[in-house]
Amino acid sequence: MSRKKTPKSKGASTPAASTLPTANGARPARSGTALSGPDAPPNGPLQPGRPSLGGGVDFYDVAFKVMLVGDSGVGKTCLLVRFKDGAFLAGTFISTVGIDFRNKVLDVDGVKVKLQMWDTAGQERFRSVTHAYYRDAHALLLLYDVTNKASFDNIQAWLTEIHEYAQHDVALMLLGNKVDSAHERVVKREDGEKLAKEYGLPFMETSAKTGLNVDLAFTAIAKELKQRSMKAPSEPRFRLHDYVKREGRGASCCRP
């Protein structure tokens, strides 16, 4: 398989069409989409050669667009920086304005998978901007802050928005972030699990500060999308829920 390469610098995405999960409703399997040639339609795969942040060149076999969504202040930018750079953004909180993105290439079972990860603004005034970016997303990580009950209560509103603007087969995962702040926790783990079960979503708790489950969340999504786009007929189906439960349990000893 010949690998594509892209120079790293900032870029933009192109919108497309939609639908999604309902409480206790079945969700169809997503056939993940790899990058294809420059003649692909605007609502189709990401394009090879699309610029990304940083210097140097990324070599990859397939690429997918992953969006982080949720209320302002839930830690989307910190989670992304932790995964991309292995660092924690401590200090003054600065809200994302509009939308931004970073790229990272993972080795998934011998396949170079490029994740183009979009960090969205959670404030209401930027919603019309972020709506357009839902449409060609292959996966969405929906975050709430375990120390902020309102951000958890708003998850259903986010799911309604996703249902309206995202593709019906988008890969979706629910993340309860900031579990390092145990003394400030107001949303129990069981509440997150219950909501995720109601909507049929994989779920885990994360910490951008300690790194708990951050790599796991993105790796699980990369595995799911890679298999959707490249699964051989004889290859067993990758089960995202089972993988998250199995691998997440190994990190339980580190939970605050």
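Note: Cβ is positioned from N, Cα and C throughout, glycine not excepted.
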TODO: Kindly point out the range from 54-69, 86-101 that Swiss-Prot annotates with motif 'Switch 1'.
DONE: 86-101
TODO: From the ranges 29-46, 119-136, pick the one that Swiss-Prot records as motif 'Switch 2'.
DONE: 119-136
Open item on the list: Comparing the binding-site residues Lys76, Lys209, which residue's C-beta has the most other C-beta atoms within 10 angstroms in this structure?
Closed with: Lys76
TODO: Mind looking up the mean pLDDT for the motif 'Switch 1' (86-101) in the predicted model?
DONE: 68
